[in-house]
């Protein structure tokens with residue numbers, strides 16, 4: 001048994017496989033206790049997430065912001081910064097991108113889209129850089145600052161869409177004008193599946209970041225800063241500069257999520273452009289152990305869980321809060337198994 | 001209480017740390033446990049203390065076999081250990097620390113307990129006032145509090161893990177007296193050490209370990225130093241260090257000019273020192289007088305409030321610019337695990353750290369591994385695994401790793417803080433050889449040490465640091481223990 005567990009591929013697959021099994025077991029117990037047949041619910045959940053083109057498309061559209069937000073969390077974590085700020089960066093990126101749309105609404109795609117995307121990136125970067133600066137210059141805890149700044153960003157967006165940016169034609173509804181197609185990520189069709197190019201961008205970025213973080217001098221520098229900032233100084237790395245740059249870069253990733261949510265999903269700037277994707281991304285990043293490749297499938301699973309929640313609510317009359325319970329169970333199972341494994345491996 | 005260890009074996013991955021070691025410790029006996037770095041001394045004692053589980057072997061207490069699964073079990077059986085890293089809480093008073101560690105501590109302490117806890121403090125550490133904060137105590141005093149904590153648990157066997165490596169000379173003598181007193185009151189003591197003076201001052205018996213095995217045991221009383229050295233290092237005799245000639249040039253290679261900087265507890269108040277090419281400038285002082293801050297300031301690791309560091313007349317560090325990564329300087333800081341390596345990262349990376357910024361964006365890691373293998377071979381870092389996380393190395397091997405990184409390339413300016421701490425005699429000689437080779441090639445060396453004998457033997461000049469300032473600089477000719485001691489304790493010449 002021990003030697004089997006020591007095989008490299010078994011070792012690597014142990015936590016995901018055992019974690020999933022524990023999760024399914026816990027979820028089955030949960031449904032059983034609530035008077036549902038677990039197997040039936042599971043099959044409905046899979047149907048709801050990937051059963052047909054419509055549900056798969058829904059899943060994909062939820063996967064995109066989760067993927068960006070998970071990357072926005074994982075990147076600072078590589079240098080030891082715990083950021084919970086993807087939600088706020090998403091909102092602020094959407095806000096700054098929207099400013100471009102409102103300023104040059106009639107511009108053609110090749111002007112409007114890059115300009116809006118760039119501003120969304122910069123907005124997210126700014127929202128990320130502020131806690132980075134506070135951390136580096138004053139030693140203020142970045143976790144607290146990022147959480148608090150989430151509320152500020154959401155409030156600013158609310159102010160904009162209830163106030164100066166509200167489209168009068170909307171009557172009472174707090175939202176801007178509908179965005180022209182020229183502001184959106186171009187759509188992408190593959191058979192019955194449809195999504196947009198943000199999905200491709202997100203996956204590509206995850207792969208590029210994976211290579212950079214795992215193989216490059218830069219990624220090694222980040223690990224060094226996480227392991228021992230003092231020693232990093234002996235290597236010529238500045239904690240201050242890295243903290244600010246990494247937080248800004250992470251913020252810009254969340255800003256991308258903001259733009260795809262505002263432009264492609266809602267097609268307006270409005271108060272609820274994110275269904276907590278920043279926080280779900282945080283969970284995904286930590287479930288994946290800050291590994292950018294592992295983030296991709298986990299984001300897809302999380303997206304599936306969310307869209308199956310919608311489906312269960314509609315068809316099985318299950319309250320949506322079940323989805324939250326499922327998320328929590330998944331988190332507990334994978335982290336619990338991971339911790340158990342780490343403890344027993346170090347003893348072995 | 002007689003303790004017998006029988007055939008203890010313990011393996012960590014590829015390393016056989018203990019290989020069927022049998023050892024006896026008699027009642028009221030002080031056993032000095034000697035051996036090179038990584039010989040397995042600490043491992044053996046941590047097995048006895050329940051910190052590690054042995055792979056095989058038995059422990060007998062008073063002839064009866066016992067199972068020690070945790071330090072808690074060990075303490076219940078009367079076995080206590082004082083580690084190199086203390087576990088006293090600096091923000092609390094001595095009394096609070098002792099009460100916290102008292103067995104079955106109640107939620108609320110009455111007067112009765114206080115008296116009980118303090119009885120042993122008065123006996124073994126009469127100079128330590130119970131109401132003082134631990135943060136105000138010297139290292140030696142903290143160690144005494146740590147020891148009393150262990151004694152309060154009715155320890156009959158006390159294990160001291162290299163207790164003198166952190167102490168100033170007069171504190172060492174105080175510790176020796178305490179150890180003798182422990183033995184006189186019927187307690188047994190295991191004294192892990194590298195230092196011959198510890199053995200001569202208080203050991204009854206010596207046991208020597210090498211590469212996981214117990215290789216020699218002997219009665220220590222009346223044994224002469226030469227025999228002890230032979231016991232410790234085997235047959236290889238120590239070659240004398242080739243001391244470099246005093247520098248010919250009067251022009252400074254490195255100048256510290258009016259360095260001022262501060263931390264919460266201490267500040268440097270205008271340090272002025274010039275070191276010529278090839279000169280070894282020793283810095284003596286009782287620990288806690290600003291040694292670490294001086295080293296950090298001279299190497300640009302901390303912000304300077306005033307002053308600058310000049311290398312061949314050019315500014316290397318000042319208020320505005322700091323270049324702690326400059327390849328012309330080498331720095332061996334105190335406490336390598338905390339100050340000189342990234343514990344979670346592989347040895348090859350820790351060795352390549354100085355040139356990290358000069359690597360291409362995608363470095364050829366295999367090349368770095370190969371380079372690391374060669375360096376670890378040359379500097380005898382064990383285990384010789386370039387992929388191992390540096391935090392897994394033992395203290396002495398970690399020190400060698402840092403020395404390999406800092407001294408394997410030619411430098412102009414070297415700051416070495418206690419560079420031989422935790423090293424056995426062989427490794428110590430090797431470090432001095434490297435340092436003096438750098439000096440011979442023209443490097444200026446700032447060498448911070450508490451070992452007056454070594455300073456007197458090897459340094460060209462000795463500066464004494466006292467309360468963050470230079471109390472005096474003596475040349476090799478005029479320095480002696482009395483003069484240095486006076487400067488170290490009074491801050492001025494006699």
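Every residue, even glycine, has its Cβ placed from backbone N, Cα and C.
Caution: TrEMBL annotation is automatic and unverified by curators.
The model shown is predicted, which means the values in this text are computed figures rather than measured ones.
With a threshold of 8 Å between CB atoms, the same-chain residues lying at least 6 positions outside the transmembrane segment (A:12-33) that come near it are 5, 39, 41-42, 325-326, 329-330, 332-334, 336-338, 341. Annotation source TrEMBL lists transmembrane segment at A:12-33 (among others).
The transmembrane segment feature in TrEMBL is assigned to A:64-83 (among others).
Taken from TrEMBL, the feature transmembrane segment applies to A:90-110 (among others). Residues 65, 68-69, 116-117, 119-124, 126-127, 150, 153-154, 156-157, 160, 165, 176-177, 179-183, 251-252, 254-259, 261-263, 269, 273-274, 277-278 of the same chain lie 6+ residues outside the transmembrane segment (A:90-110) yet bring a C-beta within less than 8 angstroms of a C-beta in it.
Residues or ranges marked as transmembrane segment by TrEMBL: A:116-137 (among others). Panel annotation: around the transmembrane segment (A:116-137), residues 72, 81, 83, 85, 88-90, 92-101, 145-146, 149, 153, 183, 239-241, 243-256, 258-259, 263 of the same chain, lying at least six beyond its termini, place a Cβ under 8 Å from a Cβ of the stretch.
Tertiary proximity for the transmembrane segment (A:195-213) is limited to same-chain residues at least six positions away from its ends with a CB under 8 Å from its CB atoms, namely 57, 60-61, 63-64, 67-68, 71, 75, 78, 184-188, 219, 222, 253, 256, 259-260, 264, 291-293, 295-296. Annotated transmembrane segment per TrEMBL: A:195-213 (among others), in sequence order.
Per TrEMBL, transmembrane segment is recorded for A:243-261 (among others).
TrEMBL lists A:273-289 (among others) with the feature transmembrane segment.
Positions annotated as transmembrane segment by TrEMBL: A:324-342 (among others).
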Task: Tertiary contacts of the transmembrane segment (A:243-261), as residues 6+ beyond its ends and Cβ separation under 8 Å - done: 64-65, 68-69, 71-73, 75-76, 78-79, 81, 83, 85-87, 89-97, 116-117, 120-129, 131-133, 135-136, 142, 185, 196, 198, 201-202, 205, 222, 273-274, 277-278, 281
